[in-house]
Structure formats: C-alpha cells, structure tokens
Amino acid sequence: MTLKIGVVGAGGRMGRQLIQAVNNTEGVELGSAFERKGSSLVGADAGELAGIGHLGVTVTDDLASQLNHFDLLIDFTRPEGTLEHIAFCVAHNKKMVIGTTGFDDAGKQAIKSASEEISIVFASNYSVGVNLVFKLLEKAAKVMGDYYDIEVIEAHHRHKVDAPSGTALSMGEHIAKTLGRDLKTHGVFAREGITGERKRDEIGFATIRAGDVVGEHSVWFADEGERIEIAHKASSRMTFANGAVRAAKWLQTKQNGLFDMTDVLDLNNL
C-alpha cells in the first residue's frame, strides 16, 4: 500500500527537498503540501515549487481540508507551528516525522505525550551519517571521555534561528549519557572574558553562523600531545530529506510510540 505523505513548510529550503525526496522514493507519494496562512505560495503546484515539474498537488494552508490526502506528516518547521500540527495529528490519528529543532522541555514533553496516541519519529538530524557519528561518539567517550577535553563545534547558514544546533546538542547528550553526566550542568555554551582554567568534565560548545553552510559538526577529544576529531559535513539538504522519507516508510507499520533514527536504522545492535 502506498504511503501518502504531507509536507509542512513546502516552500522552504527543506520543504522543497522533501518534496523531491518523496517523489524519488518508491512506495510513497506526495499527498499534500502545506504553507503558513498568508503565504504567497498557497495555490502553487508543489512539484513546480520544488523544481521537478507539475505534480497536481496544490499547496494549501488548511490541514483539515486534506484529511483524506495524507497518512503521515513530515514537519521541519518551527516549534510553535509543529506543536499545533502535533495536536491536529493526534486528533485525526496521523503519523508524524518531526525534524523541527529548538523545542524547550515543555515542547519535548508534548511530543512524548502525543506519542502515546500516534506514532512519531523525532530526531535532531535525519542524516544516516550523522546517526552513525552518534554511535562513534559513544564509543570514543567510553574510552577517552574521562581523560580528554571534549568540545563540540558546529556551523550552519546565516538563516538558522537556534543555537547550538539540535544535532550539536544531541552529540553532547550522547557523550554525556555515556559518561554518566548531565549535559545541563556539564555543558558550557559560551566563553568570554576571564573564564578561568577549563574543567576536565566540561563539554564545550562553539557555534558558527555564516553564509550558506548546510551543516558541519566536529567533536574534539583533546589531550596533551594528541587530538582526535570525529566530524560530519553535509553538502546538501537532500541527505536529511532522504533520511526523513526513510523514517516515514519505517514508521508506516507502527501504531503509536516515540522513535528516533537509532530505531529506524537499527543502530542499537551495532
């Protein structure tokens, strides 16, 4: 049975890539495409918007009008909008793949609560490579974490609105969990002025926002005499879009529950 997918934020950078990825993937089809109310893109053909030709799917700002046209919603927008979409999907039993970042604790709890009713994949990054990096970081932290200084460095385009990136925070969380630390107390997100000597148990973060950088992350494990770097560089958003569609296909058989890309890729068995 073909999975019908709705894409929120269809006119954005990720939205257009998602439309392309859905169109290029067997077993799924684009059922609906959505934009915010008042957008000049409402009424456009989603395929033409994504640069792949006419698809016959008209961009709309009304989820309710498309109830029969999508089984699953992919959402890479902003927290306030995503939370509204979650409430809609719970009310109408629609599955979700969420790539939005920047949620506060209350937002994350809302996602967890919604997953008791519907199935959700919620991940900070849908790249297969990044999720493999998460596993590598756990292994590196287990061996070196108590003896090496750990720093997470990330760079994104000038339009990104949250910092550090959700991926950088996830990297820190994977490391902290492995070491039995709480990232909220051990994470250092800014250094300025006379900071004093670095504490060994800190997990530092540095953020760069410039130009059109798609996404770059590097984690340093540094000691006197050597430094190990585990890095990932994305050259196209298509890697995230393909991962999100892969997650959507995997989620098709799940009735409810909260999952991430570790589940989708079966990385717990590595």
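The backbone N, Cα and C atoms fix where each Cβ goes, glycine too.
In this view, His156 (active site, proton donor/acceptor) is surrounded by 25 other Cβ atoms within 10 Å of its Cβ, with every protein chain counted. Annotation comment: Swiss-Prot describes His156 as active site, proton donor/acceptor, evidence class sequence analysis.
The C-beta environment of Lys160 (active site, proton donor), restricted to residues of the same chain at least 6 apart in sequence and closer than 8 Å, consists of Arg209. According to Swiss-Prot, the feature active site, proton donor maps to Lys160.
According to Swiss-Prot, the NAD(+) binding site annotation covers Gly9, Ala10, Gly11, Gly12, Arg13, Met14, Glu35, Gly99, Thr100, Thr101, Ala123, Ser124, Asn125, Tyr126, on the basis of sequence analysis. Using a 10 Å Cβ-Cβ cutoff, Glu35 (NAD(+) binding site) registers 23 neighbours.
All protein chains included, Arg36 (NADP(+) binding site) registers 15 other Cβ atoms within 10 Å of its own Cβ. Secondary structure at Arg36 (NADP(+) binding site), taken from DSSP and collapsed to helix, strand or coil, is coil. What Swiss-Prot records for Arg36 is NADP(+) binding site, and it gives sequence analysis as the kind of evidence.
The (S)-2,3,4,5-tetrahydrodipicolinate binding site annotation in Swiss-Prot covers His157, Gly166, Thr167. In the three-state DSSP scheme, Thr167 ((S)-2,3,4,5-tetrahydrodipicolinate binding site) falls into the helix class. Cβ-based neighbour count (10 Å, all protein chains) for Thr167 ((S)-2,3,4,5-tetrahydrodipicolinate binding site) stands at 27.
The most crowded of the binding-site residues listed here (Gly9, Gly11, Gly166) is Gly9, judged by how many other CB atoms sit within 10 Å of its own CB. Within 8 A of the CB centroid of the (S)-2,3,4,5-tetrahydrodipicolinate site residues His157, Gly166, Thr167, the other residues of that chain are Thr101, Ser124, Asn125, Glu154, His156, Lys160, Asp162, Ser165, Ala168, Gly215. In sequence order, the recorded positions near Thr167 ((S)-2,3,4,5-tetrahydrodipicolinate binding site) (Cα within 10 Å of its Cα) amount to none of Gly9, Arg13, Thr100, His156. Between the alpha carbons (Cα) of Thr100 (NAD(+) binding site) and His157 ((S)-2,3,4,5-tetrahydrodipicolinate binding site) lies a span of roughly 16 Å.
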